[in-house]
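Listed in TrEMBL for this protein:
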type	residues	note
TRANSMEM	12-29	transmembrane segment
DOMAIN	83-215	domain 'Glycosyltransferase RgtA/B/C/D-like'
TRANSMEM	88-118	transmembrane segment
TRANSMEM	124-142	transmembrane segment
TRANSMEM	154-171	transmembrane segment
TRANSMEM	177-195	transmembrane segment
TRANSMEM	207-229	transmembrane segment
TRANSMEM	270-292	transmembrane segment
TRANSMEM	299-325	transmembrane segment
TRANSMEM	337-355	transmembrane segment
TRANSMEM	367-385	transmembrane segment
TRANSMEM	405-424	transmembrane segment
DOMAIN	572-689	domain 'DUF7024'
Amino acid sequence: MKPLPPLEKNLFSSALLPALLLVFCYLFLRNSGIYPIVFIDEWSYSSNTRLLPLSAAQVPSYLYFSLFKLTNYCGDGFLDCNRMLNTVLYLLAAPFIYLLGKRLAPAPVAALLALAAALSPNNAYTPFFMPEAMYFLAFWVYSWASMAFYQQPTLARAAALGALLGLMAMVKMHALFLIPSLCVFLAFVAFDGRAADSGWRWLRRAAALALVAVLSALAARMLVGWALAGRPGLSLFGPLYAEQAAYTAKAHVPLLTMAGLALHNLQGHMISLAVLFGVPLAALPAALLLGARSQARAMVVYSVLVLGSLLAVTVLFTASITGLAEGDTAARIHTRYYNFALPLMLLCGAALLYAPAAAALKLRWRLLAGGAVLALVVWGRYHLLHSYAPTIIDSAEMRAFSLNAASFNTMAGLALLALLAWIWRPQLGLRLFLFAALPVTTLYCAANTAHEVRLSIHADAYTKAGLFARHYLSREQADGLTVVATEIGGLLRTKFFIENTNVALLEVPRNATEVDWASVPDSTQLVLLVGAYQPPAGARIIARKDDMALFELPPAEPGVHLLRFSRPLSGGYVLRTSGLSGPEPWGSWTDGPEVRIEFAAPLAKRLRLRLTGHAFGPNVGREVVVTLGGQQQRLRWTEQTAQTTLEFDTDGAARTLAITIPQPASPTSLGQNGDTRALGIALERISVEDRELATP
């Protein structure tokens, strides 16, 4: 190989490294002083990192937790330490992108690609208390190792590559989704390096490489996981992801419906790729024309396998959870599940530009591929924001290029111009993309990403409440605190700043005008109320400002026992139950034709029951019979949660409450999902009151 010119030899130290230091300063200043944004995820990762032992972690990101425990040394400045550490890890990936680029193109071009990756919208995750930045670095080390393996495909290197993937799974469990692409890439390497007269012997070689890599990945994952977290570290998915998988599996979407949702979601992803990487996307088929043992072809194959498998997982996951929770729709474009790998498209562009056979794709095929990508860009420019809902959290790239009309028009116009040039002359189109469209797109996206990140510089009511409670309450007082507010995101934001896993949360329905104080957990000693709600009568106010109040609840009312169906009832006041499904965060479903609740002692003679819940399916509007001590009362519920009060006069010996369901039905029988339970009504709570003692 001809030695590199002195400029290329010294480019890293003389130009790229100073440029990366400037990017570090830019990101550090951009991220300074902002408050957390992704509160469900950030609370999960922060609490698992800083407040819990590794053995109690809900997700198996043990390497991430171990490293980011260093933020505990920063005290109240832990968020600043997190941002700095994230930024350093994120930018450490740039040298590996540069080294990969130098395999395919001149050093100045490789440096351009590394800088473009460093300034990409993916850096929006550097201020978050999440493992994205560390995973970004891990992926690019893995990609560099994959191409090093391509040069020398030995069993030892396959084992090392697999072990690296196993370690990545302890930064983010999602690394396991790279295993299929790894196995196929190893098969490609075996095929690409076969001798002319070897026949099918390359298949045995491919199987051996894949087996060694997968076993090595599992061994590294299990051994290091066990060393760090003990027996819980042997779980591949961890409690949280295992529970989510089981929950998603219950709600089977009909195949045709799921296919339609997946197709709609895929279209959104392809529009994003077309606007940002139109020319490399259209030119990918040209890799088929490159010769064997070509670094350029290997890079394109690797990129297609990685991005293709991750995109497929993302689209199918989005379709499968559509409708399971508020906001889960096919209009959400989760590029965060693969955007760490998007610089591969830049490397593919460079590989095809500097590969000698890149221009050999015939005009009719360029018209077909380029025309398809052109159509995506044009359709996306006029319909994207009507069909999809990009956010800086889910899809930083799409949010960055579609934030305003000026940036969207500029980037779409450059994409169209480069595509038309590529159809006419492939080399010209690739050069226009790399040296004109890419710099402009990078700067536009960097500016728009900074705008979105800086929106969270001001503390809202939830943040202020959390900071107040953290500094005002002792650890012991916070253990008995319940935060009450309207939005689950706001509740988690407050809990994030309190930094106590024992803090309970109570979400108030959006349309509620007052809080149902009967829903507050029994263990509550203090309540932090956020929002325009009033504390209950008799509460002792400790502190109050604007829409925040800290107070003690009034003493429990005599003669009242509250049954909360969001927790097991048996033991203590209730002896046993039957006909109830397991507790869920909101309460319990009835399961079968009758519910029986047997109390440990006879109930009061003059009894009042306040039942809260709603009906399911064919039971909506039907009579539900409630029996106690030989007396029957009836209630009718709709699909909306309601409270019904029933009064009974018994002989004082009644101990069993029975609720008869008119028509139990499973969601499966109604064609809704795969849930086979015979549901009737949803019970949230029952207040059992002695009318002679309790307030009417």
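Each Cβ is built from the backbone N, Cα and C atoms, and glycine gets one as well.
Note that this is a predicted model, so its numbers are computed, not measured.
Residues 267-268, 270-272, 274-275, 278, 281-285, 361, 398, 402, 408-409, 412, 415-416, 419-420, 422-423 of the same chain, all 6+ positions outside the transmembrane segment (367-385), place their C-beta atoms under 8 angstroms from a C-beta of that stretch.
Between the transmembrane segment (337-355) and the stretches 88-118, 124-142, 154-171, 207-229, 405-424, Cβ pairs under 8 Å are most numerous for 88-118.
Among residues of the same chain six or more beyond the transmembrane segment (299-325), those with a C-beta under 8 A of the stretch's C-beta atoms are 100, 103-104, 143, 146-147, 150, 177-178, 180-181, 184-185, 188, 247-248, 251, 253, 258-259, 261-262, 265-266, 269, 284, 287, 290, 332, 334-335, 337-338, 341-342, 344-345, 347-348, 351-352. Contact between the transmembrane segment (154-171) and the transmembrane segment (405-424) does not hold: fewer than three of their C-beta pairs are under 8 Å, each pair 6 or more apart in sequence. Between the transmembrane segment (405-424) and the stretches 177-195, 207-229, 270-292, Cβ pairs under 8 Å are most numerous for 270-292. Mapped onto DSSP helix, strand and coil, the domain 'Glycosyltransferase RgtA/B/C/D-like' (83-215) counts 105 helix, 0 strand, 28 coil. Residues 192-193, 300-301, 304, 333, 335, 342, 345-346, 348-349, 351-352, 355, 357-358, 360-361, 365-366, 369-370, 372-374, 376-377, 379-380, 384, 395, 397-398, 401, 411-412, 415-416, 418-419, 422, 426, 429-430, 432-433, 437, 441 of the same chain lie 6 or more positions beyond the ends of the transmembrane segment (270-292) yet place their CB under 8 Å from a CB of it.
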